[in-house]
Amino acid sequence: IIPTILFVIFSRFNIRQETRYMLLGNALLSDLIYLLFYTLSAALNAAHVHLPKEACVLLLFLLAVAYCGGLFTAAAMVLDTYIAILFPLRYIAILTPSRTKKIIVLLWMCSGAFPGIFFLVLSSTHSFVACSLEMCSVPVILILTLNGTDAVKLCFWLSTTVIFLCLSLIFCCYAVLYFKTKQSGIWESICSRASVTFLMHNTVLFFYLFPLLALFVESFLCINIVIRLQTGMWVSLTVCNVLMILPKVLFPFLYGLRYREISASLKSMVRRKHLRLV
């Protein structure tokens, strides 16, 4: 469904000129890249194919960039909704199409900068030695980080702090939107469009937050030697292979298909008989 929604967004001029659709397309593109590279990594590990050190580093770096891109774009989508609801008369002047494109470029630059600094520290401290010997996967990087130098651990905690700040920003914006629009009457019915949309947004936010929280707790327990290394690896594999994939699977259905223009375009593509306007 992700390539189909992306085709609808980029093939329709009136759709791709709107800020919300450009941000949605960027988020879906980030999720698609992440899913493709993660599937490639899982397939290579299942086939017991040992990648060279440089290829392993590049694959893990692209996974980190795609994940950060999706997370930062989700935060930008929340800010876009926040501005659209609280400043409706100034929304078009604040977020013009050209300014939105610059914001998307800035998001990709930030998505590459944070993992880039982290991977440079790992490379300078020679913490990538095990990548050429063991399977090339995200849990391997987590274990290397937790058993690395103080500089590597500092980068890990800084990256975790940035991610949680983004998620906190998303949660705060949703909370402000709820209290600002509480008196407008759109929350009276539990089945109203606003209530269902708000519930879906919080569901996706929970699935983004819970895996990171689980990794944070598991990392803390591993550092304090509360759980064994093998147990920590199993927890990391479960979180990375299941919990971190769920929000990227739910995102196109809960966000993309909720927009009337996209759903109408998809229906017109699969409809056999086109209606003519008289």
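Note: Cβ is positioned from N, Cα and C throughout, glycine not excepted.
Features as listed in TrEMBL:
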| type | residues | note |
| --- | --- | --- |
| DOMAIN | 2-255 | domain 'G-protein coupled receptors family 1 profile' |
| TRANSMEM | 21-38 | transmembrane segment |
| TRANSMEM | 58-91 | transmembrane segment |
| TRANSMEM | 103-121 | transmembrane segment |
| TRANSMEM | 154-179 | transmembrane segment |
| TRANSMEM | 205-227 | transmembrane segment |
| TRANSMEM | 234-255 | transmembrane segment |
Query raised in the report: Honestly, do the transmembrane segment (103-121) and the transmembrane segment (21-38) touch, with at least three Cβ pairs under 8 Å and pairs 6 or more apart in sequence?
Result: yes
Report summary line: Averaging the pLDDT values of the domain 'G-protein coupled receptors family 1 profile' (2-255) gives 79
